[in-house]
Amino acid sequence: MAVSNAAKIMALTGLAMVAFAANSVLNRVALAEGQADALTYTGVRLASGALMLVMILAWRGAKPGWGQLGGSTGGALALFLYAIAFSYAYLDLAAGTGALLLFAAVQLGMLGWAIGQGDRPGAFEWAGFTVAVLFVVFLVLPGVSAPDPLGAALMILAGLSWAAYTLIGRGSAAPLVDTGGNFLRCLPIALLLILPGIFAQTTSLAGWVYAIASGAIASGLGYAIWYSVLPALERSTAAYVQLTVPAIAAAGGVLFITEPLTLRLVVCSLGILGGVALALWGADQRKRRAVQTGSAP
């Protein structure tokens, strides 16, 4: 029974990572092929994500109303800023490059916040942080295979916004309820983003399908799956497994959008993900030692 349960958790965790990576692939293919404009895509993604999360919460017996929404205004603003910057970034970035920059910005942003709040990283954390930052800089330096500067800046903004969203919701007793509430808070502005696209007909049927799939399945259902397995994962395991998302997104870009897999992207991926993994491992070891000695981490 234990083996069966472990296999189920592993399968669901893998499915959640594929869903997160699919956001990059779906967004990129919709915008790169001109199937949707960034504003309409963002609005449809947020609206369909809100609808899916409400349906999931209702199925679980929770029926959020406007007067008792989970989440917060700050969380909703961070979510919206992430979504709009994410969409515009993929006008110019490949799926794998975008996912890598997003992941790096999220992890480095959260580590930077912890340092600013008085956390004292150990040597391995500083080393990992430094390596990751250096490879991010190398990735965006001008060159033949460098990503578009504006697209890279927007994706870094999206990553920092998601880091803020994560920090705002840290310690939530009901993360899925709060996520649903934050999506619902974004619903009015999402509808405003959709209306111009409807009248201008800037989004094709395929674009609508991509955006709905991104919002309802890759985001809404993906978050529901992730939060369902998160209690069964060690904190370090939950952090490490997310290292697979940029690699999955890059593979999806190669397979489904025929994007090139450049040597620069491969080298920077190894450097950034390796640096983040080292920092996460160092933090985990420091906290374990603190628990064993009874001192503050």
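Here the Cβ of each residue, glycine as well, is placed from N, Cα and C on the backbone.
Remember, TrEMBL labels are computer predictions, not curated facts.
It should be emphasised that the depicted structure is a prediction, and the values quoted were computed from it without experimental measurement.
Feature annotation from TrEMBL assigns signal peptide to 1-21. Annotation comment: TrEMBL describes 44-62, 74-91, 97-116, 123-144, 150-168, 180-199, 205-226, 238-257, 263-283 as transmembrane segment. The domain 'EamA' annotation in TrEMBL covers 150-280.
Here the transmembrane segment (74-91) sits apart from the transmembrane segment (238-257); fewer than 3 CB pairs are under 8 Å, leaving out pairs fewer than 6 apart in sequence. Within its own chain, the transmembrane segment (44-62) has Cβ neighbours under 8 Å at 27, 36, 79-80, 83, 87, 176-177, 179-180, 183-184, 186-187, 189-191, 193-194, 203, 208, 211-212, 214-217, 219-221, 223-224, counting only residues six or more beyond its boundaries.
A mean pLDDT of 90 is what the model gives for the domain 'EamA' (150-280).
Summarised by DSSP class, the composition of the domain 'EamA' (150-280) is 112 helix, 0 strand, 19 coil.
Note on the transmembrane segment (263-283): residues 94, 96-97, 100, 103-104, 107-108, 111, 121-125, 127-136, 138-139, 143, 145-146, 236, 239-240, 243, 246-247, 250 of its chain, located 6 or more positions outside it, place their CB under 8 angstroms from a CB of the stretch.
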